Amino acid sequence: MSEISPKPRPKPGFGAPRDDRKGRNPGRGLIAALDFVTASHVRAVAFLALLGLLFILPGFFNIPPIDRDEARFAQATKQMVEADDFVDIRFQDEVRYKKPVGIYWLQAAVVETASELGLPRAQVRIWLYRVPSMLGAIGAVLMTYWTALAFVTRRGAVLAALIMCSSILLGVESRLAKTDAFLLFTVVATMGAMARIYLSWQRGEEADRKAWAVPAIFWTGLAAGILLKGPLILMLVVLTVGTLAILDRSASWLWRLRPLWGSLWLLLLVLPWFVAIYLRAGDSFFADSIGGDMLSKITHGQESHGAPPGTYFLLLWITFWPGAPLAAMAAPAVWRARREPGAQYLLAWLLPSWIVFELVMTKLPHYVLPLYPAIAILTVGALERRVLSRSWLTRGAAWWFAIPAILLTLVIILAIALTRQPAFLAWPFVAASLIFGLWAWRLFDHNHAEGSLLNAVMASLFLSIAIFGVVLPSLTPLFPSVEIARALRSVVCVGPKAAAAGYHEPSLVFMTGTSTLLTDGSGAADFLGQGSCRFALIESRSERAFAARAEAIGLRYNVAARIDGYNYSQGRTISVAVFRSEGTE
C-alpha cells in the first residue's frame with residue numbers, strides 16, 4: 001500500500017501475505033491483554049467467543065418479548081412446535097410467508113431440546129428463541145476474524161472482530177429472536193471463503209484441485225443464507241462478483257469455487273423445503289415472499305419504514321459505534337488503495353450493496369448489517385499501516401465519549417418517566433462507560449489509535465450492561481403483555497382462555513397462548529359469555545363497546561386486574577382491564 005503510506009518504505013497492501021508483528025513491547029493494560037490473546041489463534045478464538053458472551057448476555061434472559069417482529073417470529077416457531085409441523089409457517093391462522101423456514105427450524109430445535117431436558121414452560125421463554133441469534137452473532141464475530149486473516153495480521157483480525165463484537169447494531173440483533181444475526185454469520189462465512197479464492201487468484205497461485213474446504217464453506221453458507229432470508233445473500237454475492245469482474249475484466253477465478261458440484265450441493269440443501277412448501281401452499285409462498293415482501297419494499301416504504309437515500313450513512317455513526325470514528329478516518333486511505341486486490345474486494349462487497357440499500361424505499365437499520373464486516377476490515381487495514389487521516393476527521397474521536405453520554409442520558413430519562421426510578425443500579429456501569437469513552441477520545445493520536453479503539457470497546461461493553469442488562473428489563477410499563485400473562489397464570493381455574501380488544505400486539509399472543517382471540521369490544525363480550533374460565537382483555541378505548549354489548553346480552557362480569565403501560569409500537573399509553581364473568585376465579 002505504498003501509494004497511501006507516508007513513509008517511502010513499501011508496505012504490503014490489502015490482501016498481501018504478511019507476518020504478525022514481532023518484538024512489540026507488551027506495554028500495560030488493554031494493549032498488554034491484546035498482545036496476550038493475539039499470540040495464537042486458539043487464544044484469539046477463545047477470547048473472541050468469551051467476549052461475545054460478555055457483550056450479549058446482559059439482558060438476554062430478562063428482556064421480555066419485543067414487538068413486533070421478534071414476537072411474530074417466536075410465535076410462529078411456537079406454533080410449529082405445538083402442531084409438530086415444520087413445513088408451514090403461521091401466526092395464529094395467518095400464514096407468514098415473508099421469510100423462508102431457516103430461523104424457525106433453529107429456534108424450534110432449541111425449544112424442543114430445552115423441553116426434552118425438562119425446562120418448565122420452555123415454549124414461552126423468549127430467551128430460548130434468542131439462542132440462535134446469540135450463536136449467530138458470536139459466529140459472525142469469529143467469521144469476521146477468519147475473513148480478516150486473509151487481509152491483515154492476526155492482531156488486525158482480532159481488532160476487526162472486536163469492532164463487530166462491540167457494535168451497537170449487532171448488540172441489538174443478537175438479543176432479538178429473528179433472522180439477522182444468524183444471517184450475518186452465513187454472509188461473513190460466504191464472503192470470507194470467496195475472498196480467499198479471489199485473493200489466491202490475484203496472487204497468481206495455482207488452483208488446488210483437491211482443496212474442497214473453502215468452496216464447501218462458500219456453498220454451505222450460501223444455502224443457509226437462502227433458507228434464512230431468501231435471495232438477499234445472493235444479491236450480495238452477485239453484486240460483489242459483478243463488480244470485481246468489471247474491474248478485473250475477468251471472472252475466471254470463479255471456477256475455483258467448484259460451481260458445478262457447489263450448485264448441486266446448494267440445491268440439495270435448499271430444495272427439499274421449497275418443494276415441501278410448494279406442495280403444501282402452491283405458489284402463495286413465492287408470491288408473498290418475493291412479490292408481497294421483497295419487491296414491495298423496493299417500491300414503497302412498508303409499515304411506515306420509508307426513508308430517503310442517505311439514511312444508512314447517517315445511522316452508521318450510531319449503529320457502527322464504536323468503529324464509526326475510525327472508519328471515517330480510514331476512508332481517505334482506503335479510497336486511495338481501492339485498486340489493490342484486498343481493498344478492491346472489500347469495497348466490492350460494501351459499496352454496490354450499500355447503494356442498493358440506500359435506493360430501496362423501505363429502510364430498517366439491520367438491512368446493512370451484512371456489510372459492516374467489510375467496513376471493519378478496511379478500517380483495521382488502514383489502522384495497521386498507520387495511514388488514518390490526520391485531517392478534521394480526527395475530531396470524530398469525540399464520538400467515543402458522546403455516544404455513551406447521549407444514549408445513557410436518554411435511557412435514564414426514559415426510566416424516570418416510565419417508572420419514577422432513576423435506575424441507580426445502572427449508574428456504576430454508566431460511569432465506567434463514560435470514563436472509558438473519555439479515555440478513548442482524549443488519548444487518541446496516530447500512535448495510540450489501537451489503544452483508543454480498545455478503550456472504546458470497553459466503553460461499549462459497559463454501555464451494553466447498563467442499557468440491556470439493567471435499564472431495559474426494569475422498564476415494565478413497556479411490556480404490558482408480560483403483566484397480562486402473569487395475571488392469567490394467577491387464576492384458580494384450569495386452562496384459562498382469553499380474548500383481547502384494543503391491544504393486539506404479537507407479544508400478547510406469544511405470552512397468553514396461540515388460542516387468544518384478537519377481536520373488538522363487542523366480540524370480547526360475546527366470547528366472555530360463552531363459558532367459564534374465560535377472560536376479556538379490554539384496552540380502555542374499547543371498554544365502552546364491551547360494556548354496551550355485555551349489557552345487551554345480560555353478561556355479568558367483574559375486574560380481575562388492570563394493567564397500565566405504554567404501547568411503543570403505536571406510541572401511546574394503554575390501560576388493559578382483565579375482565580372475568582361472575583363465578584370465574
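In case you wondered, yes, glycine gets a Cβ from its N, Cα and C as well.
Pulled from TrEMBL, these are the features on record:
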DOMAIN    123-280  domain 'ArnT-like N-terminal'
REGION    1-24  region 'Disordered'
TRANSMEM  44-63  transmembrane segment
TRANSMEM  127-146  transmembrane segment
TRANSMEM  152-172  transmembrane segment
TRANSMEM  181-199  transmembrane segment
TRANSMEM  219-247  transmembrane segment
TRANSMEM  259-279  transmembrane segment
TRANSMEM  312-335  transmembrane segment
TRANSMEM  342-361  transmembrane segment
TRANSMEM  367-385  transmembrane segment
TRANSMEM  397-418  transmembrane segment
TRANSMEM  424-441  transmembrane segment
TRANSMEM  453-472  transmembrane segment
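Panel annotation: around the transmembrane segment (453-472), residues 30-31, 34, 54-55, 57-60, 63, 159, 162-163, 165-168, 171, 175, 321-323, 325-326, 383, 400-401, 403-404, 407-408, 411-412, 414-415, 423, 425-426, 429-430, 432-437, 439-440, 443 of the same chain, lying at least six beyond its termini, place a Cβ under 8 Å from a Cβ of the stretch. Predicted-model confidence for the domain 'ArnT-like N-terminal' (123-280) is 97, expressed as mean pLDDT. The transmembrane segment (127-146) makes contact with the transmembrane segment (181-199): 3 or more of their CB pairs lie within 8 A, with pairs spaced 6 or more apart in sequence. Using the rule of three or more Cβ pairs under 8 Å, pairs at least 6 apart in sequence, the transmembrane segment (342-361) is in contact with the transmembrane segment (219-247). Across the candidate stretches 312-335, 367-385, 424-441, the maximum count of CB pairs under 8 A to the transmembrane segment (397-418) is reached by 424-441.
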